[in-house]
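**Q** So TrEMBL says this about it:
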ACT_SITE  His413  active site
ACT_SITE  Asp465  active site
ACT_SITE  Glu474  active site
DOMAIN    530-610  domain 'Carbohydrate binding'
SIGNAL    1-24  signal peptide
Amino acid sequence: MEKFARLISMAPLLLLLCLPFAFAGHDYGQALSKSLLFFEAQRSGYLPHNQRVTWRANSGLNDGKASGVDLVGGYYDAGDNVKFGLPMAFTITMMSWSIIEYGKQLGSSGELGNTMEAVKWGTDYLIKAHPQPYVLYGEVGDGNTDHYCWQRPEDMTTDRRAYKIDPSNPGSDLAGETAAAMAAASIVFRHSNPTYANELLTHAHQLFDFADKYRGKYDSSISVVQKYYRSVSGYNDELLWAAAWLYQATNNQYYLDYLGNNGDSMGGTGWGMTEFGWDVKYAGVQTLVAKFLMQGKAGHHAAVFEKYQQKAEYFMCSCLGKGTRNAQKTPGGLIYRQRWNNMQFVTGASFLASVYSDYLASAGRNLNCAAGNVAPSQLLSFAKSQVDYILGDNPRATSYMVGYGNNYPRQVHHRGSSIVSYKVDPTFVSCRGGYATWFSRKGSDPNLLTGAIVGGPDAYDNFADERDNYEQTEPATYNNAPLLGLLARLSGGHGGYNQLLPVVVPGPIEKKPAPQPRVTPAPASTSSPISIAQKMTTTWKAKGNTYYRYSITVTNKSAKELKDIKLSISKLYGPLWGLTKSGNSYAFPSWISSLPAGKSLEFVYIHSASAADISVASYTLA
């Protein structure tokens, strides 16, 4: 508790100096588009045909193989090549929250489709990382050996061991955050891909049960993570965070009761925070629960939820400098928490301030601070001031988003961007040779890491653009994730909607007509209880071949539960995802044991031929 107390203690507020120079307005839409490109640069695995960051290539293609599990895909968290589960899941949660709150503005900007793809790239991996209800893989690679090397992801020779949690080695913080990510993402895909959304919810329910039933800190079970993403705050905040997201996704009273019954004992009503990030979620929980209260959903938990809201407002007032203990700021006005990657706290706090401003405006009320009542617009102005600082309105006139503006970091602490592209020169870069040749170079990075938010300046607005200055020049996915919604909000304006109404995420705008469905009925009479529909969803060319992606929906049309289905698939010449191979046929995936009446499951395959022949070999209705 002593370390946690130190974590949230803040130095006295520095006086905000009035800058003696004026700045031009920022193009938030352009910044949003660039920030999404950063996630494409961080992709691991087989890169898709529509990959826009073309200096990257496939990497990590054997991840999980030694453990007998497919862990190909996901995101590298920062400037190294390790896949850390906790910050990756938090990144997905915050990207999803950005869409949930500001999907309309993302749609208006033309970036909703790219944002949803960024979320799905993460959730596809998280599904793989959760092969059984009580097993979750939380890390691929080892930070110690990885940091000994300076290599492109495409050249990795470092240990790619996979580390997991299970009932004997629990990790409630990791499982809880992953449950939150799955639940939040299920809202994102609810209308455009309901089968996928239901799959995500199944994982979210299982992961929450795992996190709550087998309690423990994940860094005690995966000890190699302790130097990099140690869970200082413990796991109570993640359990509450997961419950809040599961309630938002399902309206299930169980999760609302969990928040009400455990708010006091787990710190949700007790911790007054001045930071929010991948480790400490309390301010995020408090903001969500305050939303539920303002929506009139608290019921008999109203008194407890009011205490959550008081702590949410404590955080907001701290950010504004109008509370009893205020967040420290640099002389130029930037929130300052720590030397290493301070920008993560800036974007997280700014996002919470933006959404809470909109909740208050929707409810027609003000913020109650120790310094007096504050209009919701002041919270939004604070969030805007932080974004403007990041984009260049600061004493150094430096943009801390790579590729935005004219004066931005050129020597980013990032292996992939600092080494010549594999596509330009595929000559192998060795572990230590990368340090000698590329890390020590004083020139600009050969590859522009467009959209990356770097660690940022020190407590006095000073910044050194040097590759070995990892505290200031290393980027991270969780720096960018909260910024997506905030940039869309600033770019698109309010739009005249009420954020306390039920969330409806708009579908992404199709840039070209969707291919016509190709339907293959099950080989049975028209009264068959099972229907099978195939749809070609996309096509592309590679090395002279044309490839097709097919999506198949299997629907239980009966009034009974469908169990033990076996599908026969012939003329299949490529990989298939979403089913389990069982002898010469295919069965339900591991996360589904049966299909309720009226429900569907979806699976996909890719090959360079016309649609495969799919039929029902056997099934049971119970």
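Every residue gets a Cβ built from N, Cα and C, even glycine.
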**Q** Which residues does Asp465 (active site) neighbour through Cβ under 8 Å, counting only same-chain ones at least six apart?
**A** Pro409, Arg410, Gln411, Thr473
**Q** Can you give me the same-chain residues 6 or more apart in sequence from Glu474 (active site) with a CB-CB distance under 8 Å?
**A** Ala78, Gly79, Asn341, Val412, His413, His414, Val454, Gly455
**Q** Just counting, how many other CB atoms are there within 10 A of the CB of His413 (active site)?
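**A** Here the count is 24.
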**Q** In the domain 'Carbohydrate binding' (530-610), how many residues does DSSP call helix, how many strand, and how many coil?
**A** 0 helix, 52 strand, 29 coil
